[in-house]
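These notes are about the structure you will find just below.
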Amino acid sequence: MNAVRTRIAPSPTGVDLHIGNAYTALINYVFAKKHNGQFIVRIEDTDRTRFVEGSEKRILASLAWLGIPYDEGPFHQSERLDIYKKCAEELVEKGHAYYCYCTQERLAQMRKDQEARHEPPMYDGTCKNLKSKKDGPHVIRLNVPETGVTKFTDVIRGEISFENKLIDDQVILKSDGYPTYHLGVVVDDHLMNISHVIRGEEWISSTPKHVLLYQFFGWELPIYAHMPLLRNPDKSKLSKRKNPVWSSFYREQGFLPEAIVNYLATLAWAHPEGKEVFTIEEMMKVFDLTQIQTTAPVFDVDKLRWMNGEYIRKDSDLGKKIFEFYSHIYPISQITPILPLVRERMHTLAEFATLAGFFFERPHEFERPKSAELVQFVKSALTNCDWNHDVMEKAIRDAAEKEGIKARDVFMELRVAVTGKTVGPPLLESLEILGRDETHKRLSGVAYA
RNA sequence: GCCCCGUUCGUCUAGCGGCCCAGGACAUCUGGUUUUCAGCCAGAGAAUCGUCGGUUCGAAUCCGACACGGGGUACCA
């Protein structure tokens, strides 16, 4: 196999790296690295109307956060306009493209009429046979042959073919001088020596246009692999209206990048040994592009949460991550002793606050009404005992037995009085960390200072 | 409408002609451990392999039709 070079080509039109793009980035990266190749990032910023300031910066930051580094880039299509123009013009000279002066209003009307007549919306060819160039705004359209078939082989789907007569004379260079995706992607993939185009399924329909472009230029076709699209639980294409789609959202929710990457890896692909939890390096060893499933998977946040819990439980640097996640509001020295009590209860970093918040702040409200008698009872049971959880437990159990009270009820009373909640980390171990003074203050109902 | 892609438990998947009256994971439920919740352990339910027809001694696996789902159909990517 020739040198493997893959790429992702995000457009800076959203708030951040779309999770679907993270998915294709992962596959492109892993595939390239498995074959000792390069992974490239190219920013396709050719749509000036949808351009979002700061989007690129966040996309790159998310890639870095996910642990998907690139070897070259980021390249920008907006800086390569002269190249596309030259290429488009070359096609015009060869007769494989033509100038079109139709206004957008006319085209819109044309499509409307076609729709009314139940015809497929396609360019009607008005400018196709214009003899001479005119002044004024124009675009360049691809001159698609009227007969024949254009086909290509997709590594994960096999041969796919389209009838030329159904392929539209796509605009390849816009009137503002920017290329459309179709021209840009073909020119750049060729110039950047991309060997494998691994992208989302939504591109299958436009691939014949790309294939035609390669043929017209006389360039060698890359190998195509169209990944299944990630879907919402209702099976539609993963979208921000129905699901959180930005990488930053998952970061803010306290998901670990390793868990996200691991989870994404299990979509449409399965570890040959049936493993569910594995690192990106392990994946590289056994990854096989041709084993990608063709069915579009549903993005299941529940399974992601489980995966995240797996990573949290074995994370040797969890305290630091919590410290950073909460922007240093909890001192690392106080986080560390709490860790063993909360680690296996957390699915996301964000759950640290709900589980351990009481260590840092006295409860303002209580999940169930307190019993003054029981609080008094447990308070005195703990008054003179060593501040060690085993000793405390024995003291409480002994006292409860003596009074004929159920220890269980006493523990719950104590828990609510000190933490405000009915569920949480192991009680007495927590109190040991909280300290005798603070515990007694809370049992005495000392107001928040 | 037209074109293209797809269809195995609720979800992610294993399976690539006999090992499958379909295996694993998440989720769900039950029991155990237990001061709560998790975690861990044990177990359960959950897929007539979209439907119908064909090929074959034999089909989830190959072929066809249909149904359903998705994507595309822009001077958006």
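Glycine too: its Cβ is placed from the backbone N, Cα and C atoms.
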Quiz prompt | Where TrEMBL places motif ''KMSKS' region' among the ranges A:52-56, A:207-211, A:237-241, A:422-426 | solution = A:237-241
Exercise. Tell me whether A:K240 (ATP binding site) sits in a helix, a strand or coil according to DSSP.
Key: coil
Self-check item: A:K240 (ATP binding site): tally of other CB atoms within 10 A of its CB
Solution: 13
